[in-house]
Ligand SMILES: Nc1ncnc2c1ncn2[C@H]1C[C@H](O)[C@@H](COP(=O)(O)OP(=O)(O)O)O1
Ligand SMILES: [Mg+2]
């Protein structure tokens, strides 16, 4: 039922791999009661389920490539509807990766009220991901895949930010700062939505 999402507060959370999206989303969930949907986590859960779709996804993700648009969007929408009755809003983490993904999202689900642009330097992201890779068990937290993901990120996502910049909903967050200082900036952006 798409109606369930008619008045949903939607926040796109965009930034490079390792920029700190997941870290900030966790804090928003705790303070504001939003539902955090990471397209990467949804996809990894599908892989872990061992389904046929999961096996196809795994092959794509291991190469550091993007998963087909319809697949990601279907999974996000299902997850949003499942939480519609209890959620104060939605954090769409790691999506859209391309302008076309944003357009499709808006057609099928709804318009974002805010785009949080979690911004860190490339060298900072590499450092954080290498460290995360020591414990995360993520197949894509290795040096070679990290470089590919960063390349892809800059090519695909910068146009996304420019696109929403024109609509005046982008808030750029300096994620070079310590986690709590980053969150103080994030809080201001979320508070403005009320
Ligand atoms: N502001 C910050 N300062 C230092 N480390 C941070 C940070 N934000 C996140 N981290 C750490 C936590 C993780 O080990 C790693 C990647 O963070 P993440 O939240 O998983 O990033 P993303 O979800 O954008 O890929 O960096
Ligand atoms: Mg993440």
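We count from 1, first residue shown onward.
Heads up, the Cβ atoms here are built off N, Cα and C, so glycines get one too.
TrEMBL entries are annotated by machine, without manual review.
The shown structure was predicted, so the numbers you read here are calculated from the model rather than taken from an experiment.
Copied over from TrEMBL, here are the features:
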| type | residues | note |
| --- | --- | --- |
| BINDING | 18, 19, 20, 21, 22, 23, 132, 177 | ATP binding site |
| BINDING | 39, 44, 65, 66, 67, 94, 95, 96, 97, 101, 138, 149 | AMP binding site |
| REGION | 38-67 | region 'NMPbind' |
| REGION | 131-141 | region 'LID' |
Using Cα positions only, nearest of the binding-site residues to residue 95 (AMP binding site) (20, 132, 177): 20
In three-state DSSP terms, the structure that residue 132 (ATP binding site) belongs to: helix
Cβ under 6 Å from ligand 1: qualifying binding-site residues of 19, 20, 23, 97, 132, 138: 19, 20, 23, 132
For the region 'NMPbind' (38-67), the number of residues DSSP places in helix, strand and coil: 22 helix, 1 strand, 7 coil
Residue 18 (ATP binding site) versus binding-site residues 39, 65, 67, 97, 138 - nearest by Cα: 138
Reported mean pLDDT - the region 'LID' (131-141): 89
Local Cβ density at residue 97 (AMP binding site) - other Cβ atoms counted within 10 Å: 19
Candidates near ligand 2 among the binding-site residues 21, 39, 65, 97, judged by a Cβ under 6 angstroms: 21
Cβ packing number for residue 23 (ATP binding site), 10 Å threshold: 15
